[in-house]
Amino acid sequence: MDVALFSEKQKKVTIKMRILALLAILLSMPLNWLSPNRIEKIFTRITKNKPLASEKEVLEIRDAVCTVSRRCRSQEGCLRRSIAVVVAAWLKRRSASWNTGFALEPFRAHAWVEVKGIPIGEPDEISLYTKVISVLAHSEEKPGKIKSEPKKAQEDKGKLDHPKTNLRELFALANGDKLELFLVIILGIICACLTLFQPNLVADLVQQYSSGFVVNSTLILLMIVIAVSMILTTIQYYLLQKIGEGVVFEARSSLISHLLKLPIIEYDKRSVGDLISRVSGDTSRLRMALIQGTIAFTSGSFIVVGAAIGLALKDMVLFLTALFCVCLAFIGIFLMSNLIQKSSFRVQQELGKLSGMIERDLHAIRTIRSTNATSTEENKIKLQAEYLRNLGIRLAKIQSIMTPISNMSLQICGLIVLGFGGYRVSIGSMSLADLIAFALLLFIMIGPLSQIFGAFSWVGESLGAFSRIKELLVLDLETSKDNNPAITSYPKSSNEGGMVVFHKVNFGYNKLDFGTDIISQNDNLILKEIDLNAEFGKRTAIVGSSGAGKSTILQLIERFYDPDSGHIYVNGKDCRSYSREDLRKLITYVEQNAPIIAGSLRENLLLGNPTVTEEKCYNVLKEVNLSYLIERSPEKLDMIIGESGTTLSGGERQRLAMARSLLSDAEIVLLDELTSNLDSLNEIGMKKAIDKMRENKTVIVVAHRLSTIVDSDMIYVLEHGRIIGSGSHNELLEKVPLYRKLAKEQFLDKVI
Ligand SMILES: Nc1ncnc2c1ncn2[C@@H]1O[C@H](COP(=O)(O)OP(=O)(O)OP(=O)(O)O)[C@@H](O)[C@H]1O
């Protein structure tokens, strides 16, 4: 039987990929005869130091392998297939994790490939397999480990694991300004020629002035050369600044579009402050590398080469001595620039952490003040700032060693040349005019040379910042896991019927323990074997103690995360067969704490509903009892509601969030703790609005306050990630002790 997930039918496999796959199958043939342990050893060796392949790349390779080999396409060919995929990835200088494992009842063994713990092109059933061998690709780590790693180990990791970048990649960002960049290089070359021409003119002048000063053509030519050179340099600098701004813009826009589209789990791992510092601070650093690097390595190197030829022609021995000194300095500085890149990466990384800490504290400033934690927090931040200062000093040390080394070596060069030149003038084997021309050439060469040396420092620092930018840019976008072709072939759920159906859903936030140990995997699950059916035109409520997993259920419906196993059906289709964008068009979601975006009332209402009329806005504000806000403000809908809605009360924020979801056409309404901050009158108003909604929608409500959900059509009770009962209020009072207890605490333990 062909593997169900083979997506060749959906995608075209290119000739290049077919050749690669064929080569990989041929190369991997001997491995099929080896024991898994031997294969493990070989793969551990070959995947070492190779960057991790993306899921898309591995899926493409897998498709190609399945296309060229029928044996690899069959279920029984899993070993052959998985080995060929890893070998093909290796041929592309990439790595992926190779795994073997087994499942019980009925017993079956399997081999498959993973990227970042996600099995590629495998059915959900794979989560039931216990891994026996797992060759982790070099760049994959277990977040479980990262969490428990001491700071020192994390620091060491930071030292080694930043993505490699180079100037070519940096300059690729200036692709849109290719013409200007070309012009800059041409201008640089012209300026270099003009600069190199000057010493000859000066030498001519010295000779001509031995008989007295006159304004002659040589002097006028020299003036013109200097003036033109100045004008061209100005234009060159302006163009470079412009290209620099373009590069910063390019990096920022790719970062911004990437940042807003990452899988939600990536935001869980990072602090907002760190992400902001990458967009603002790190991108700015690219400009200097571009400007200094271009000037130094184009016109600078041209002047150096031209001047060197001039020097060599004038006195070869002297020139070779100078060249030797310069080469020695150059090697030292080149090595140090690598150190600078690494140090700069770490400085930026720690700066990101500092921004994250400040951002976190400013967000919770009221809590910090009220708990008298100001000085504790201040100390924590200062400690981080101090650590950053130490890293900065370390970076400064390397940079400051670089400057004297380059200056000193250049000065030594100058001294040798001048001393030796003076000697040659004194013995009459060189004219004074030649020595002046020689010294001028040297002088002209020293400027660009120190610029080139200095540029190594700038470039190193910028490449460090670029690594941090690249670190985010290499992450897969949320949409890259959309429309998994494997998903469409899943059987439909037996209890299908509702608009939203959960069928045996298991989910844990920490994916990395996946399959390594089935017991700890179960411990890790936040939702276990969830079966839930929310019907159209009905209100379904989820209740349970704090941390039971209620909000997680809503987040899975939104596909912020995908279940580890089981299926979620929306409108009869597995939610993974929709693109996330299409799925979210069907849903309106009011998060817990009802976040509000900084801006006007109008912006908040139109978020996701851009075509809604003003009249409709006024009507919904009335419906949620917020009309008084626009009545008391002369700006009406344009009244500003401050950062995160801080100028609104908690209850007002919840009602505004509800107003936004009332304006939406979506058929599925998810409301998480919408009434937690409301007084009883507003709660009744909100209940009425929800009741009206359910007439033509599927409403799923998460609530602690049972008063808001007792009359729901269906109530699910959740405890420690499991549904322990479902039914109407009266049925649950009778059969579910936890619900009875919750109801009793809220004086709602009467049958209604
Ligand atoms: N992004 C996340 N990463 C890791 N763990 C998380 C994440 N979000 C929630 N959790 C954990 O998952 C569990 C369930 O959280 P969830 O927010 O779904 O609970 P809840 O039932 O809605 O709780 P509450 O009623 O207090 O809002 C909690 O133990 C929580 O710590």
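Each residue's number is its place along the chain shown, starting with 1.
Every residue, even glycine, has its Cβ placed from backbone N, Cα and C.
Feature annotation from TrEMBL assigns transmembrane segment to 15-35 (among others).
A Cβ distance under 8 Å defines the sequence-distant neighbours of the transmembrane segment (181-199), meaning residues of its chain 6+ beyond its ends; these are 171, 174, 222, 225-226, 228-229, 232-233, 235-236, 239-240, 243, 294-295, 298-300, 302-303, 306-307, 310, 436-437, 440-441, 444. What TrEMBL records for 181-199 (among others) is transmembrane segment.
Summarising the annotation, TrEMBL assigns domain 'ABC transmembrane type-1' to 182-457.
What TrEMBL records for 219-240 (among others) is transmembrane segment. Long-range contacts of the transmembrane segment (219-240) within its own chain (CB-CB distance under 8 A, at least 6 residues past either end) are made by residues 180, 183-184, 187-188, 190-191, 194-195, 197-198, 201-202, 205, 290-291, 294-295, 299.
Listed by sequence, the residues of this chain that lie at least six past the ends of the transmembrane segment (288-311) yet keep a Cβ under 8 A from its Cβ atoms are 167, 170-171, 174, 181, 184-185, 187-189, 191-193, 195-196, 199, 236-237, 240-241, 243-244, 247, 318-319, 322-323, 417, 438, 441-442, 444-445, 447-449, 451-452, 454-455, 458-459, 461-463, 466. As annotated by TrEMBL, transmembrane segment applies to 288-311 (among others).
Look at TrEMBL and you will find 317-336 (among others) tagged as transmembrane segment.
As annotated by TrEMBL, transmembrane segment applies to 404-423 (among others).
Residues 167, 195-196, 198-200, 202-203, 206, 288-289, 292-293, 295-297, 299-301, 303-304, 307-308, 310-311, 314-315, 322, 326, 329-330, 333-334, 336-341, 344, 399, 402-403, 406-407, 410, 413-414, 417-418, 421-422, 424-425 of the same chain lie 6 or more positions beyond the ends of the transmembrane segment (435-460) yet place their CB under 8 Å from a CB of it. What TrEMBL records for 435-460 (among others) is transmembrane segment.
Feature annotation from TrEMBL assigns domain 'ABC transporter' to 502-745.
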Beyond the flanks of the transmembrane segment (15-35) by at least 6 residues, Cβ under 8 Å: 42, 60-61, 63-65, 67-69, 72, 79-80, 83-88, 91-92
